Ligand code: TXA
Ligand code: MG
């Protein structure tokens with residue numbers, strides 16, 4: 001398939017929205033930027049169109065997709081009701097990086113959008129290009145992240161081209177995304193809402209609006225006890241295995257030295273602060289200051305992808321504080337590492 005690639009400019013944007021919206025309405029797939037990561041969109045009411053998303057990504061079809069809208073009024077066309085908590089969250093955080101799971105109205109969306117569930121995840125993105133395209137298209141658009149399944153989500157148009165050029169009808173390219181990690185997913189069909197995926201909006205920010213919520217997010221390592229080799233589940237992962245190092249700079253340096261002694265080519269993914277304390281290492285990719293976790297989030301996927309253009313055989317990543325967006329950073333790193341950690345023991 002020949003993929004049409006548009007570069008957004010002020011002069012051309014309306015024309016691009018019109019062309020891309022026509023493709024979506026005709027049942028084709030188009031990738032577009034949001035403030036979190038790029039998404040690959042299709043008409044959420046068209047089953048054949050949605051199937052093309054799963055095929056292009058190589059994604060298992062039992063994992064439901066998020067429906068994107070440009071106007072809150074659209075929600076009523078496919079949702080049974082909007083619980084009071086959800087209303088408050090929409091008012092506070094939309095447009096923005098929060099996906100809200102709501103009870104689905106039967107027969108309004110293609111069944112494969114929700115993977116047969118009776119609930120649907122909905123989000124209004126805060127990106128002028130996403131909002132422009134969605135408004136012109138006028139249809140609810142199902143859109144997962146625009147990466148091949150298992151790879152880090154795309155935070156630039158080039159990442160989307162790397163993964164999906166030739167596999168989808170169009171790509172709207174508009175530079176880098178803002179947050180750099182996916183939206184927070186919160187289930188509002190429950191009595192007490194539950195955070196299913198940490199992201200751009202923190203638990204504290206949510207609780208300030210609707211009170212206590214449940215966090216169902218567990219690190220992989222606590223989920224299954226000893227994993228059978230080869231059965232580990234990784235996601236957002238570069239080609240080389242990732243291990244998270246919990247400990248001080250001396251401990252971190254020790255792990256690097258040990259791995260080098262085994263003949264590994266070590267890549268490290270660390271804050272500017274830790275970077276300064278480590279020996280010049282062959283492949284050091286910095287994520288910014290650990291005092292500015294927003295910057296770390298913004299750089300994370302780009303740097304994970306960058307390792308694929310090096311010859312490293314193992315990647316050691318710093319453990320960041322799980323506060324604010326740090327929770328989302330550590331959730332993604334945990335998945336990239338398949339739950340693998342090395343920890344400095346208390347007595348060291
Ligand atoms: O930031 C984002 O959310 C990006 C951009 C493109 O909007 N999209 C994204 O979509 O990350 P995706 O498909 O990669 O992730 C959707 C997440 C999955 O973890 C999925 O299991 C969950 O949302 N999800 C979607 N609908 C759900 C539902 N009805 N019940 C429970 N989880 C749901
Ligand atoms: Mg994804």
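Any Cβ shown, glycine's included, is placed from N, Cα and C.
Curation does not apply to TrEMBL; its annotations are automatic.
When other Cβ atoms within 10 Å of the Cβ of residue 123 (L-threonine binding site) are tallied across all protein chains shown, the result is 27. Under the heading L-threonine binding site, TrEMBL lists 36, 68, 123, 143, 183.
The ATP binding site feature in TrEMBL is assigned to 59, 63, 145, 153, 197, 236. The Cβ neighbour count for residue 236 (ATP binding site), using a 10 Å radius over every protein chain in view, is 24.
Feature annotation from TrEMBL assigns domain 'YrdC-like' to 14-201.
Listed in sequence order, the binding-site residues among 59, 123, 143, 145, 197 whose CB lies under 6 angstroms from an atom of ligand 2 come out as 145.
Cα of residue 153 (ATP binding site) to Cα of residue 36 (L-threonine binding site): a span of 9 Å. Around residue 197 (ATP binding site), the C-beta neighbours below 8 angstroms that are at least 6 residues distant in the chain are 99, 182, 183, 184, 185, 217, 331. Among the binding-site residues 36, 63, 145, 153, 183, the residue whose Cβ has the fewest other Cβ atoms within 10 Å is 63.
If you draw a 10 Å sphere around the CB of residue 59 (ATP binding site), it holds 18 other CB atoms from the protein chains shown.
Mean model confidence of the domain 'YrdC-like' (14-201) amounts to 97 (pLDDT, 0 to 100 scale).
If you check the binding-site residues 59, 63, 145, 236 against residue 36 (L-threonine binding site), the ones with a Cα inside 10 Å of its Cα are 145.
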